[in-house]
Every structure is written in C-alpha cells, then in structure tokens.
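Q: Below: one structure in structure tokens.
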Amino acid sequence: MEESFPFHYSLLEYLFTLVGLLLFLLDIALDIWTVVSFYQDGAYVYMAVMIFLLLGSSVLLQVFSWLWYSDSLEKIETKVEKFAYRRLLIKPFHFLQLGIYLRSISTTHFLQYTNSFTEGVAVYLNHDLQMLRLFETFSESAPQLTLMMSIILQREELDSSISYMLTVACLWMYCVAMYHRCMRAFLPKKRKMSWISTGVFFLWNLLLIIPRVTALALFCSVLPCYIIAHFLSLWMLLVLVAWSQKTNYMEHSGWEWLYRAAIGLIWYFCWFNVSTGSIKLKSILYYSFMALDTMMLLGFWCWKVFEYADCWSSLNPHIVIPTLLGLYVIGILVKTIYYRWFHPNCDEKKIAEPIEEGQFPLFDPFLLATCF
C-alpha cells in the first residue's frame, strides 16, 4: 500500500478538508438567508428559482452519492459509515437529503487518523467527496451566482455586484482547485501538485470564470426569459459532446447519461477534462466556442443597453466588454503558463501499469484526463 499511495495527508491537507466542510455548511446558511430575504421582499419568482436550484442540486448530489455507495456497500471503511450501514440508515439519509453530510463527517474524521495503511482508502473517500462538491458547485453555486449578479445589476448596485462576484467566484474556484489536488493524490509522490501550482491553477480558473459568469449575468439582466432557452440549447449540445467522448465513469451504462448531463452542466460554465487523447486540441476547441458564445451574450446585452440607454447609465459597454474579454485572454495565457511550467508532469504508462492483487487501482479516466 505504501508503494501504491505515497501521498501522505498532512495536517494542512486535513485542515483544508475541514475548511471545505465548514464552507459547505456556511453555504447552506447563506442559501436559507437568501430565500428568506426574497420572501420578505416579495420577490416570489426569484425565491422560487432559488428553491428550485437548491432542491435540484441536492437531489443530484444524493443520487450520485447513493449510486456510489450502492456499488460498494460491503467495502465501506469508516466507523460512521459502518454504523449507518449496520442500522440500514444510509438509504434513509440520502432520501432525507443528508447523504452528503454523512460523507463529509466520515471523510473528515477518517482523514484525521490516516496512516500509511489507510491512506489509500483516504484518497478514494476524499475523491468522492470532492467530486460531489464539484457537482454542487456547478449545479447550485454557479446558477445562483448568475442569478444574484443579474438581480444586483438590474438594481444598478455595481459595487455590490463586483464584491459579491469575487467572493463567490473565489470560493467556487477553491472547490475546483481542491478537486484537482485530490486527483493528483493518485500520482506518485514526486508528481503531486505543489501549493504554488495550486495557486496558479486557482488564478487561471478565476480569470476565465469571471468573464463567463458576468456575461451570463449581464444577458440575464436584460433578457431574463431567454437565458433559459440559451442554457437548454447549449446544455443539450454539451451533453451530446460528452456522449461522443464515450465516458465510462459510472458502474451501470444507464446512469452514465446522468453523469454526462452533469458534465454538460459543468461545461456550460468552464472546462473540465473527461477523456484522454487530444486533450489540448479539445480544450482549444472548447475555449474558442465558449469565447464566441460569451461574445454573443455580451453583444445582446450591449444592444439592449443602447436601446434603453437611460436605464443603464452605470455600465459602459465600451469599458465592460473590453475588460471582460481582456480577462478571458489573460486567463488563457495564465493557463498556458501553468501547463508549461507549473503543472506536475504525468507518466501515463506508469499510471496504467497493472497492479498487484489487493491494491487499490491506480488507473482512473479522470487522472489521465488531467495530464497532457
């Protein structure tokens, strides 16, 4: 086991996992506060949208969590999960939308007592938890950020919009960066991701996500009814693209479409590797397409601003559009720098080598997808 998983969970790694759990709980409190605020303001449409996003995201997480549990109920390792399994509580927990909390508590407790004999298990526990948080980020936090920014923009509270977007986007990219670090745990120790690499990874994702979410929020602020049509049309196209990549992440082929739907949702906001092969070419095509889509959204917003110039005095398209496009270009450049100098190199042949019986499998499609 030591040779297979030389990644050691340090106190810092444990603290970051614990911080992730605390941020998850804080997000729930803020969601409840937002819904109550909409109700008190009489904004029942926004309240309904928020509740729909919260419930939809929660159901999606519970389904994925239960599916992963159902495929390995006899292999659970933590005391918390064993206690729930012996008393037949795992399924009721998920039905009550509490499955993610079961995973969070058990994983955080397990990481606290990780040693050389259990670190392989810890890697997989943390991977599942980070994957669920990634789904939560793009199924709940991202749409919420777009909705809240569009509301703030409609009220022309520009300072609040910028501060809110930066705060939520930073928390959002923290989740993405932690998932990426978790995936590097499958690599040999000398290949693991440093904190400097994590910082650069965080930066380029932040620079790329800000123009995308801002463009969506600006479009939604002037054409709120059309954002649904835009999402559905683009999302269905992205799901078909995920299908064309022949993903094979779920145990059963029928549930693979649910996974592809989740990938399409992530792609609506940012790039996420799901396959091996010409990843560099695929990312170039993705960013080119999303740049065109973002410019289209900004173009529609600009058209409405000029049509109703008296209502949008606080936002100047001649400043907003070049700034957002400039951030997008800088983000691409920082990403290029990251993969040129900061990304841990990956030896695919070493990763894909057969393993001895009884060891945890090192081959994972997501792992290879993080390597060029």
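From the backbone N, Cα and C atoms, a Cβ is placed for every residue, glycine too.
In TrEMBL, annotation is done automatically, which means it is predicted and not curated.
Under the heading transmembrane segment, TrEMBL lists 14-36, 43-69, 162-181, 193-210, 216-245, 257-274, 286-306, 318-341.
In terms of burial and nearby residues, how do these features look in this structure?
A: Through the fold, the transmembrane segment (193-210) approaches residues 165-166, 169-170, 172-174, 176-177, 180-181, 184, 269-271, 287, 324, 327-328, 330-332, 334-335, 337-338, 342-344 of its own chain, all at least 6 residues removed from its boundaries and within a Cβ separation under 8 Å.
Outside the transmembrane segment (216-245) by six or more residues, the chain places 145-147, 149-151, 153-154, 161, 165, 257, 260-261, 263-265, 267-268, 274-275, 293, 297-298, 300-301, 304-305, 315, 320 with a CB less than 8 A from a CB of the stretch.
Long-range contacts of the transmembrane segment (286-306) within its own chain (CB-CB distance under 8 A, at least 6 residues past either end) are made by residues 208, 211-212, 215-216, 218-219, 221-223, 226, 230, 234, 267, 271, 312, 315, 317, 320-321, 324-325, 328, 332.
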Q: Which residues, given as numbers and ranges, are at least 6 beyond the ends of the transmembrane segment (43-69) yet have a Cβ under 8 Å from it?
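A: Sequence-distant neighbours of the transmembrane segment (43-69): 31, 34-35, 76, 90-91, 94-95, 97, 99-100, 103, 128, 131-132, 135-136, 139-140, 143-144, 147, 151, 250-251, 255, 258-259, 262.
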Q: Can you work out which residues elsewhere in the same chain, 6+ from the ends of the transmembrane segment (318-341), have a Cβ less than 8 Å from its Cβ atoms?
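A: Same-chain contacts beyond the flanks: 197, 200-201, 203-208, 210-212, 214-215, 218, 287, 291, 294-295, 298, 302, 372.
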